[in-house]
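Colleague: Below is a structure I'd like to ask you about.
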Amino acid sequence: QAISAQHLAQSGLLEGACWWARAVPTGLRRLARPTPASRRQSSAAEMAFRGDIQGGQASWGASGSGGGGGMAGMGLVGGQAASGIEKTMKWKFLFFGGAVITFATGLGCLFFWLSQFAWAPATLISNGFLLVFGSLMVILDFPIPHPHKSLVHVRDSIYKYLLFMTRFMGRGGWYLFLATMVFGSLWDTNINWFLGGVFTFYLVALGVAALVKGWMITSKLQSVREAIVNSGRGAEHYIARGQTGLSKEQFKAMVEQVTNQHELFSNDDLDYVINALSFTPYNDGQVSMEECEYWLRPGPPLMV
């Protein structure tokens, strides 16, 4: 009987232990089950540590392997599919139209004078100028999503040696100059008055529109710069230690903080600004510490 009682007691202890083993994890799981409020807090915490929200990659090397070679094709904001300042289809086709006009004028006038066997060295040089720069503009503005590597190389060279062609202000002045060249090649020489008038009007209108667009963004960017300088703060106040620079979202937050204006720049305008602030064509959509410090130095406004 003593053995039976001991056996029953042990069985009861085992059953109690088994019940406890089942009940405790279930209770813990119920306690640990996330509530809607905890889910929101967790999501906010995860977003706070996301690289694309809080400054991108921790270091430059993390953004791509192989340095500049690994970043080929990413030089102009939006990649090579939207080169330079062409963020919307409207500007892309308008600029491409100006490039085609310049190239066609140079090529057509050059063939015309060569077929006449006329000695006109100044005219030939002028038409050759239109042909060469028209070709470069066609390469830069050609609306192709994934260009060939050689085309990417030419575009990056244009960014390096002809930087004004990737800015609204530079484009505006450039198209006004080309308008005078086209007018002289077609109208003054009596080759085709109609095309000379139409082409010149298009280039003048495009140049004025680009100048106005560039000046509007430049003025807004200058107001942000003046607000930061007047506050006595530097780039280190907005770029945390260990960050490579300001992401697009962070730059927008900085603009809203210093100007108290939430819609000062559109999303496309922010891309134009970041492209203008970049030292190299291999930017990754960020404004580095060095670029931000250079922008805040005393000097003329940064042309966009």
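Cβ coordinates come from backbone N, Cα and C, glycine included.
OK, TrEMBL features for this one:
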type	residues	note
TRANSMEM	93-113	transmembrane segment
TRANSMEM	119-140	transmembrane segment
TRANSMEM	161-187	transmembrane segment
TRANSMEM	193-212	transmembrane segment
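Let's see these features in context: how buried, what's close, how far.
Modeller: Beyond its flanks by at least six residues, the transmembrane segment (93-113) meets 86, 120, 123-124, 127-135, 137-138, 140-143, 171, 175, 178, 181-182, 185-186, 189, 191, 195, 199, 202-203, 206, 209 of its own chain at Cβ-Cβ distances under 8 Å.
Proximity of distant same-chain residues to the transmembrane segment (119-140), defined by a Cβ-Cβ separation under 8 Å and at least 6 residues beyond the stretch ends, is recorded for 83-84, 95-96, 98-107, 109-110, 113, 151, 154-155, 158, 162, 165-166, 178, 181-182, 184-185, 189.
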Colleague: Using Cβ atoms and a strict cutoff of less than 8 Å, what residues sit near the transmembrane segment (161-187) while being 6 or more residues removed from its termini?
Modeller: 76, 83-85, 95, 98, 101-102, 105-106, 109, 123, 126-127, 129-130, 133, 136-137, 140, 193, 195-197, 199-200, 203-204, 206-215, 217-218, 272, 275-276, 303-304
